[in-house]
Every structure is written in C-alpha cells, then in structure tokens.
Amino acid sequence: MGDSNVDTGTTTSEMVAEEVSLFSATDMVLFSLIVGLLTYWFIFRKKKDEVPEFSKIETTTSSVKDSSFVEKMKKTGRNIIVFYGSQTGTAEEFANRLSKDAHRYGMRGMAADPEEYDLSDLSSLPEIENALAVFCMATYGEGDPTDNAQDFYDWLQEADVDLTGVKYAVFGLGNKTYEHFNAMGKYVDKRLEQLGAQRIFDLGLGDDDGNLEEDFITWREQFWPAVCEHFGVEATGEESSIRQYELVVHTDMDTAVVYTGEMGRLKSYENQKPPFDAKNPFLAVVTTNRKLNQGTERHLMHLELDISDSKIRYESGDHVAVYPANDSALVNQLGEILGTDLDIVMSLNNLDEESNKRHPFPCPTTYRTALTYYLDITNPPRTNVLYELAQYASEPSEQEQLRKMASSSGEGKELYLSWVVEARRHILAILQDYPSLRPPIDHLCERLPRLQARYYSIASSSKVHPNSVHICAVVVEYETKSGRVNKGVATSWLRAKEPAGENGRRALVPMFVRKSQFRLPFKATTPVIMVGPGTGVAPFIGFIQERAWLQEQGKEVGETLLYYGCRRSDEDYLYREELAQFHAKGALTRLSVAFSREQPQKVYVQHLLKRDKEHLWKLIHDGGAHIYICGDARNMARDVQNTFCDIVAEQGPMEHAQAVDYVKKLMTKGRYSLDVWS
C-alpha cells in the first residue's frame, strides 16, 4: 500500500480562511449533534466483534485451567513442581525425570504443563514447606517459547507480582547453532529473579548441537546436592526403578473404543471436526508425490496435500507438521525379539491418580499401534531408559554395561556417547546386541518417548494454492558405525505415500499448520533477498509464487533475488523449470545458483553473495530490503551471516564490529529472518 498523505499544494493560511467561511451556525449545531452521538456510542457501545489475529501462533489449551497448582501440591503432599516448556517432548521427559528423583531425598515432585495452570499462583508457593519450582524450558525457532509455554511467557512479561520467598531453578534446552541460544531458559531465569524469587542453583544450558543428555546429567548431578544443602535434607538411597504406570490387558473390549493412531479424540480420524491442530490433526489426501532430482544417490521429493474443506488457512512461510508412522518391519522385529503378541489390547494407567496425565499415550490401544504411531523407536534411547531396562538383562556383564552408560561417571558418559549416540543405536539395535536384555514390552512402552510431529517449511503460496499445502523434503537414509542402515521415519514414510494409494485407496497424512514469523514484507515494493540451498528453497517457492500472483493482479513488486545452491545442475537442481519460468516472467528478478561439485573449486551461495556485494548493499541500505535465510543452521546460515557482515563492513564502510551490530539490528527490525534447522 502506498502512503495516504497527499500534498495538494494548499497553504495553511488558505485552509484557515476556508474553515472560517464554511462553519456557519447551522454547521455548529450539526457538528455538536454528531459529537454527542459519537460520545454516546463510545460509552455505551457493545463489545466489538473479535477479529482473528493470524500473525499470532495459535496454541491448544485446556478448556479450564486448574485453579491452583499450589492447592494440588498441598492436597497430594508434594513440595517440588517441575514445569516444562516442550516442543518435541525432551523438556517434558527431563521434567519427569527430575520429579521422579525427588523421592530419593524424602521429597515428592510432580511434572506440570504450564499450559494447564495459572502461573500467577507462584506467589503462593512459599505456603508449602521446602517448596521448589523447577523450570525445564526449551527454546523453539529463533528464540521463541514453545507452544505450551507461550501463555507463561506472556504472563512473565506482563507480571507485576512479588515472588519473594519462591525458590527456583532453571534448566534450558537449546542449540548453539541458533542465534538466540537458550533464549527462553535465560529469560525465565532472569525474570523470576527480577520478580523477587530466589535462585537456589545455577541456570543450566543444554546444547542439542552437542550432547544434550550429557549436559542435563551434569547439571542434574550438581543440582540435587544444592537442593539438599539448601533445604537441609539428605539422599535416602540409590536411584531406583519405580513404575509410573500399571498394565491393564483388555481381553474382551469393543474395538469401537480402542485407539488406532488418533492423537486426541477417539475416532477423530473417522469424524473430522475443525479446528485442526497438534491434538486434532487433519487427514490430508496426498494428491502429488514426485521426485525432484535426477540423481540416484538421494531422493528429493515434492508432495502436495489436499486441505479442501478443512478450513485450514496458511500463509507463505508457515510450517506444516505431519505425524509419521514407524516402519512396520521395525515394529514387527520388536514384537518378535520380545516374544509378544503385538495385537493385544492394553492400557497403561498412571498409578498417581492425581496426575493430569492418565496415560503415556492414548489408551486403550494395541502394542502394535503404540509402537507404530505413538512411540519413538528409532532415536537412540536416553540414559534413564537404559538404567530402567538394565534390570532385565540376565547376563551380568550386559547389565553392568547398561548401568555404566546410565551413570554420571566419565567412563560411562564416554561409553554412552560412542556406543549409543554416535553409533545411532535405537532400541531394537540395543536388544539385538544385548541378547540377554528382554524387558517386558509394557515397561519398554512406558519408558520410550513419544513419536513427534515433523515440521516442514511450506513450499507454496495460499494465494495460488488455497486448497493444498506443498512439501519439499529429502529422504534420510544412512549407514551407522555398527553397519546398520537407518532410515528417516517421516521422509521414508512420506516417500511411500503414492497418490493413487494401494488398491485404489487414498494415501492420507495427519497434518496441521503452525504459524511462523517468516513473512514477506507488508509492502510488495520492498526488495527481498532469499538464500536457500538444497531443500532450503522450499519457503521461497511460496514467496515467489505470491509475488508472481501480485504482479498478475497489477501490483508493483520490488526486486526479488534468490541465491540457491545444490551439488550439480543435472543432479539435484530442485524446481529448475519453475524457477526458470518465474525468472523469465520477471517475478524472480535475479536467479543465482551455486553448484558445489560441478567444477574443481567448490562454489557456495556465500561466494555469489560476495560477487553481488555492491548491488546487495544498495538494496539493503537504500532500498530497505528484507533478507531471508533457510536451510542448515550449523554451517550455511552462520557462513551466510558472516558474509553479510563482511559485505556491510566493506560497502559501509565500517569496522567489523559495527557491521555485526548493523546485521543484528536488521534482525531486531524483522529485516533479517531465519528458518533454519540443525
């Protein structure tokens, strides 16, 4: 939209003269009447209709929050509460482990989802003797809170409450490859102190780019001694395996009440009702699934999901989340090795009747369904899982090894890192390599983490494709150090989703859309600089589609530059024809492609950015251009950011420190946006 201020050439004195001549007595009466009516309307008007705000990330909350977690703690005799902000389940898992630890010190703990409680109740926590609030807070995206911690974050920002007497500790979960490392954990720790709460142990900062599990164990083994010293308590014994859930086998149950993979409401896949979100995904039909690349070494694919009649709305730059299923071959092998009938209908019921979490996953269900849709069986299990399963190893040496890997000793940590993490051993591989380890399948299901949704940058614009969401992904497959071939859960599952389906059946994908801040500028005339090697090009396909659509509507569109990178032009140049067409029509002003393996010396996107430094600086400094980076966070995003800093320093010209500050200010102003992963 252009500016609405128009210079008519009328002077101030002329305007005053006109006003004097125009305002007669009649005009004044009418003017007074209008003012009176407006005043009446503002005072007595009804509440205006609510306007949906699409820029805010929508979250799924409980319909009624518990009135007081403090009252619940009093009622159940607990004095430690561990809140978790979790997007992938890891922070929730850590919170459960900490709450379970409490019994060793004569204390009782509970893990809690902040979305289910009123956190203003924190001020009442000192009413409980030796009370402690622990916060396991993950940072999502570019310094954002997780969905379930959004309300808590908003409350902290606005809170004007005295938390004197509240004792707390924070462990943050983040990734150092991201610009805002552990922003949420750091903010919660600092803000609670500002509100008067007392920190009883140092902030822990876990790094998922390194070894998050080891970071947590190291913090945890120092945290509990600090708790003991502060409250004057002592450990009552060694860590023990205490079951949280009891197994109930259903021998004669109506199949109509058995979960078959639904994430929330029973039979929700048979009777779909909006709104659709993480707890109520939409079953989208796969209408297109085509290979994008020519090479045989990797499989890069483009999928289109039909969202007609779902009322799902998305914008360019949003993410689509899909719930995958584990490979049936792995599930069958687990059943075989444990000698279990996977089709037994069962429930795992929480032994703590006061807990808000009645089951670890939707129950009643079958072991087959749980291992296929609800449990993560492909990632290396964490140390607490190894510790609890060790008791079922009949061979002493195997039991000793498992307990050692679960210990906090240097030797144990090193063994766990090399034998489990670096070798990418999942639970089936561990059972295969330790023949005497045969845990009951119900205990295994209790300890395994939940299978999480996978997020992809949407590769389409809703202006052009309002009834479909497009995905661009590369199938993950690699050989481990132990010689096994591991496959990506979601990408392998998506690859098999043929549009026609088997026997004419439709291929369905449970999905929902997560709003993002990765947005095109409000003004279409603003130049955009997009950098996206590999599948990082995905959101930019949507951006370019939208700008092409705006041009077709007769709108003026600013320069649109894409810096794309791949290995070879004849191997993995994604969307080659589409990009060429956009470039030919002028929707894509400049298309610069770096081929890393097509010549003796490797060429990456940052080399092309340096080549165009003068033009880029003009667009950024004079044209107010917005910069977008999508792809690998560990190397590419960092190198590209350094390249922009070099360009700013050289073209400014200015000192390097000033250039770094210049780029960071672009980020603060929303002119340098990242959609990256590690």
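Just so you know, glycine gets a Cβ as well, placed from its N, Cα and C.
Per Swiss-Prot, FMN binding site is recorded for 86-91, 138-141, 173-182, ASP208. Under the three-state DSSP scheme, TYR178 (FMN binding site) falls in the coil class.
Taken residue by residue with DSSP, GLN606 (NADP(+) binding site) is part of a helix. Feature annotation from Swiss-Prot assigns NADP(+) binding site to ARG298, THR535, SER596, ARG597, LYS602, VAL603, TYR604, VAL605, GLN606, ASP639; the stated evidence is sequence analysis.
Cβ neighbour count for TYR455 (FAD binding site): 17 (other Cβ atoms within 10 Å of its Cβ, all protein chains included). As annotated by Swiss-Prot, FAD binding site applies to ARG424, ARG454, TYR455, TYR456, SER457, CYS472, ALA473, VAL474, TYR478, GLY488, VAL489, ALA490, THR491, TRP677.
Here Swiss-Prot flags 80-224 as domain 'Flavodoxin-like'.
Regional average pLDDT for the domain 'FAD-binding FR-type' (279-521) in the model is 95. Per Swiss-Prot, the feature domain 'FAD-binding FR-type' maps to 279-521; the stated evidence is sequence analysis.
Taken from Swiss-Prot, the feature N-acetylglycine covers GLY2, and the record attributes it to experimental evidence.
The phosphoserine annotation in Swiss-Prot covers SER63 and is backed by similarity to another entry.
The topological domain 'Lumenal' feature in Swiss-Prot is assigned to 2-22.
The topological domain 'Cytoplasmic' annotation in Swiss-Prot covers 44-678, and the record cites sequence analysis as its basis.
For 23-43, the entry in Swiss-Prot reads transmembrane segment.
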Under 8 Å by Cβ from ARG298 (NADP(+) binding site), counting only residues of that chain that are 6 or more apart: VAL474, VAL475, ASP572
Mapped DSSP class for GLY141 (FMN binding site), helix or strand or coil: coil
DSSP-derived structure type at SER86 (FMN binding site), helix or strand or else coil: coil
Inter-residue C-alpha distance, ALA138 (FMN binding site) and TYR455 (FAD binding site) (nearest angstrom): 16
Among TYR178, PHE181, TYR604, the most crowded of the binding-site residues [Cβ within 10 Å]: TYR178
Alpha-carbon spacing, SER457 (FAD binding site) to GLY141 (FMN binding site), which is rounded to whole Å: 12
Between LYS602 (NADP(+) binding site) and VAL489 (FAD binding site): CA-CA distance (Å): 32
